[in-house]
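Annotated in TrEMBL:
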| type | residues | note |
| --- | --- | --- |
| TRANSMEM | 18-36 | transmembrane segment |
| DOMAIN | 18-394 | domain 'Major facilitator superfamily (MFS) profile' |
| TRANSMEM | 56-75 | transmembrane segment |
| TRANSMEM | 87-111 | transmembrane segment |
| TRANSMEM | 117-136 | transmembrane segment |
| TRANSMEM | 143-166 | transmembrane segment |
| TRANSMEM | 172-192 | transmembrane segment |
| TRANSMEM | 213-234 | transmembrane segment |
| TRANSMEM | 246-265 | transmembrane segment |
| TRANSMEM | 277-296 | transmembrane segment |
| TRANSMEM | 302-327 | transmembrane segment |
| TRANSMEM | 334-353 | transmembrane segment |
| TRANSMEM | 365-384 | transmembrane segment |
Amino acid sequence: MAHSGGDATPSPFRQPRAVWAVAFACVISFMGIGLVDPILPALAHSLDATPSQVSLLFTSYLLVTAVAMLGVNWVSSRIGSKRTLILGLALIVVFATGAGLSNSIGGIVWFRGGWGLGNALFIATSLAVIVVSATGGFSGAIILYESALGIGIAVGPLLGGFLGSISWRGPFFGVAVLMFIALLATAFLVPNTGQPSERFPLSAPLKALRHRGLLIMGIVALLYNWGFFTMLGYAPYPMKLDAHQLGFVFAAWGLLVAAFAVYFAPRLQGRYGTTPVLYANLVGLTIVMLVIAFRVQSPTAVVVAVVVSGAFIGINNTLTTQAVMMVSPVDRSVASAAYGFVRFLGGGLAPYVAGKIAEATDQSVAFVVGAVAFALAIPVLALGHGIIARAERQVEAPEVVGPAFEPVSGELASTSRPVIVAIGANEARSAVVDRAADLALRDGAPLEVVHVRETEIVGDQAVAPVSPEAATRWCRSSWTACLHGACRPAAWCSTASATSAPSARC
């Protein structure tokens, strides 16, 4: 067994400046999730707007994000990751500034829509850039991204509450300044990523929704997000708190979201399975929403219920994304775009509808509708139970396939026992293959090189460090180097997913 270098594991926090630049921007982006919640009542009061009008800040932001998800891969596959990041950051700076300068709720709503476009471009690209640029391997990049996720979700409401207590314009200007700093850092510190090797058509995400498993999970996410954003967009009003106090409430909520998304969700999934945890989670969210509905006149009850919901939301974000990636037969980035499009539709419509329902009836009815959305997600999930179960069994016990690799050198004797080496997305792969080639040469055995493609779920984002095409190129370059080094045994090559049977051969 070859060692990959030194004995010490590299620290995930010893990274190039380019990685820190993108990670900083990620923190600010995740702050935006809870940044505006503390200022919703202040906005309604200052601009003489109704809660349903103010909720359009969520609606415009999320609906534009939903539609933009369909085109993000098309853009990034043509202009590259760095340019996509810069474009997204620039749009956020411009539209956040515009929102802060607006004097009407309508103006802020339009600028929030542009902000959603920029955020879609940024969030769809940032994790991939960190993975490609980070040192310490794939796991180090994921730890760094998880840290940015947790800090951003928790600090966003605090910053929103602090700046919102000065003026409702404060959070918008604060984001604009911080994102401008991130824009400069990205422009000067992040290297050019080169011309993308694969281009996606605009129609790819919509075509992906033809697959039953992906469509079912998308509808589950739409219903879940309907309930979630009903809570996020309308719950601040019955709490009857000022901006500072709302900031602390949603900071506690954000801490639970981050902790359960990153730490507890994978452990619950490993112990009980994906669908049982999702069923229990949706039941829990339904109960929490009903508590808010029937105790809406008690600010304390609403506060406690919202904070507790953070645990369920964190679990749901991670496991729903895991399920989407397991059942989807298309490229992960395309599946993520299709899934994001459907789920953000629910998140965008829910706050506005909740406000209108509350105005026409009373506040409790809006939350009852949110609870119904959570409950409806359970039978929809049941429609895909078998698909998810089969996908999980394939992950746990992948199908055994016969040797169908194409030889690239020499002849394979029927009695030969090969030396098999698996390489991943790290700097040690060349040294590992060299060591395996030495062993194969010593024993006169054939050499098989397998590239393992890893996929990681962080919150509601999924990333693989390399595309199938890049994995194939790395695999080919490994055995080519072996041949140039006078590796005489037969050399064979394949690429495979870390969670499935071999998916490509070279």
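Positions of Cβ are set from backbone N, Cα and C atoms, glycine also.
Most Cβ pairs within less than 8 Å of the transmembrane segment (172-192), among stretches 87-111, 143-166, 213-234, 302-327, 334-353, belong to 87-111. The transmembrane segment (213-234) shares the most Cβ pairs under 8 Å with 334-353, out of the stretches 56-75, 117-136, 334-353. The stretch with the most CB contacts under 8 Å to the transmembrane segment (143-166), chosen from 246-265, 302-327, 334-353, is 246-265. Tertiary proximity for the transmembrane segment (302-327) is limited to same-chain residues at least six positions away from its ends with a CB under 8 Å from its CB atoms, namely 211, 213-214, 217-218, 220-221, 224, 228, 231, 235, 238-239, 241, 249-250, 252-262, 264-266, 268-269, 274-275, 277-278, 281-282, 284-285, 288-289, 291-292, 295-296, 335-336, 339, 384, 387-388, 391-392, 395, 455, 457-462, 499. The transmembrane segment (56-75) shares more Cβ pairs under 8 Å with 334-353 than with any other stretch in the list 18-36, 87-111, 117-136, 246-265, 334-353. Of the candidate ranges 18-36, 87-111, 117-136, 334-353, 18-36 contributes the most Cβ pairs within a distance under 8 Å of the transmembrane segment (246-265). Tertiary proximity for the transmembrane segment (334-353) is limited to same-chain residues at least six positions away from its ends with a CB under 8 Å from its CB atoms, namely 52, 55-56, 58-63, 65-67, 69-70, 72-73, 120, 124, 200, 204-206, 208-209, 214-215, 217-219, 221-230, 232-234, 321, 324-325, 328, 366, 369-370, 373, 461-462.
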